[in-house]
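Heads up: the structure comes next, in structure tokens.
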Amino acid sequence: MAPNLRKSHPLLKLINNSLIDLPTPSNISAWWNFGSLLGICLLTQILTGLLLATHYTADTTLAFSSVAHTCRNVQYGWLIRNLHANGASFFFICIYLHIGRGFYYGSYLNKETWNTGVILLLALMATAFVGYVLPWGQMSFWGATVITNLFSAIPYIGQTLVEWAWGGFSVDNPTLTRFFALHFLLPFMIAGLALIHLTFLHESGSNNPLGILSNCDKIPFHPYFSLKDILGFIIMFLPLTTLALFSPNLLGDPENFTPANPLVTPPHIKPEWYFLFAYAILRSIPNKLGGVLALAASVLVLFLAPLLHKSKQRAMTFRPFSQFLFWTLAANLFILTWVGSQPVEHPFIIIGQLASLTYFTILLLLFPIAGALENKMLNY
């Protein structure tokens, strides 16, 4: 009998073991769709990004008009740009839901997979930030100025570090050039990291909604979950294309339709919606270095998730206290996102401070306590 090519060929074998004959728990829900959706997001962003890069000029005098030229004169340039800009939003929606799923079902106990995932999140945030600077509108310029300036809070080396990153004494042409280089490079690094993420995942196999070992009940990935993933793609592409075609600027900032002007500061400097929760945490601390540390901690705290797991059960499926805390945390993140979009005045300052305190308290203190308490409840 001739050997099956997809099982014997060195390259096809890799694809086969990852996407076709992969043993998958039979009971994974739609929450497990977001990994493949993130892969599709990445491919879409790389494709639209490459097409945009062919028409973009990384120069302060030409960047803004080159983007306008792409939208006006290039065949379907407006569509490519709208898909790329809104695709970033969908990328973040998917990654936040993916992380939320991992948190709820205890997937962070696969430590290597979880840690590479957090590094992926940081890489994605860096990519989105440098990408937002490229159109060289007002919010691009001032966003770059404000966020890069945060590094000056680092004692002793801060100011030198910022000027080194800028390539001068302010955000200018060298900054734009290197940000374009970084924005081009990082997605390919993300793709590489995603492969490492998958390699670690396939070492242990997928978790499932019950948080228990599922070796006794696995089914092949194809056709069951490949088909389910295609449904997921359709469900994601519908709102993405709807947004890109009907209301492409809904999530953007009107300030960015004005070319960058170092002499005029916008009334409210704020990042895109997907960074607002972290921005709110940054602003809630009146000290510069303290704010920067809190901003870093807001994402880096995810690395501690495996260490703070005190429950005997993996998933939160049968843990009511942890469930309550989880959904409180989700609501709290919405509040932080909203506060981040508001001006720095009463009552938003105090709301932001309380929400920031709640965020860290739930993650670092209440989750371990709830886990230990639920262990006690198992005895009754």
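Each residue, glycine too, has its Cβ placed from N, Cα and C.
Annotated in Swiss-Prot:
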- H84, H183: heme b b562 binding site (BINDING)
- H98, H197: heme b b566 binding site (BINDING)
- H202: ubiquinone binding site (BINDING)
- 34-54: transmembrane segment (TRANSMEM)
- 78-99: transmembrane segment (TRANSMEM)
- 114-134: transmembrane segment (TRANSMEM)
- 179-199: transmembrane segment (TRANSMEM)
- 227-247: transmembrane segment (TRANSMEM)
- 289-309: transmembrane segment (TRANSMEM)
- 321-341: transmembrane segment (TRANSMEM)
- 348-368: transmembrane segment (TRANSMEM)
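The recorded stretches the transmembrane segment (348-368) and the transmembrane segment (179-199) do not share 3+ CB pairs below 8 A when only pairs 6 or more apart in sequence are counted, and are therefore not in contact.
Below 8 A, the CB atoms of the transmembrane segment (114-134) and the transmembrane segment (289-309) form 3+ pairs separated by six or more positions in the chain.
The Cβ of H183 (heme b b562 binding site) lies under 8 Å from the Cβ of G49, T127, V130, G131, L134, each of these being in the same chain and 6 or more residues away along the sequence. Within the same chain, the residues at least 6 positions away from H197 (heme b b566 binding site) whose Cβ sits under 8 Å from its Cβ are T113, T116, G117, L120, listed in sequence order. Most Cβ pairs under 8 Å to the transmembrane segment (34-54), among the stretches 179-199, 227-247, 289-309, 321-341, belong to 179-199. Outside the transmembrane segment (179-199), and at least 6 residues removed from its termini, the chain residues within Cβ reach (under 8 Å) are 18, 38-39, 42, 45-46, 49, 53, 56, 58, 113, 116-117, 119-120, 123-124, 126-127, 130-131, 133-134, 144. For the recorded site, H84 (heme b b562 binding site), the DSSP three-state label reads helix. Proximity of H202 (ubiquinone binding site) to non-local residues of its own chain (separation of 6 or more, Cβ distance below 8 Å) is seen for N17, S18, L22, given in sequence order.
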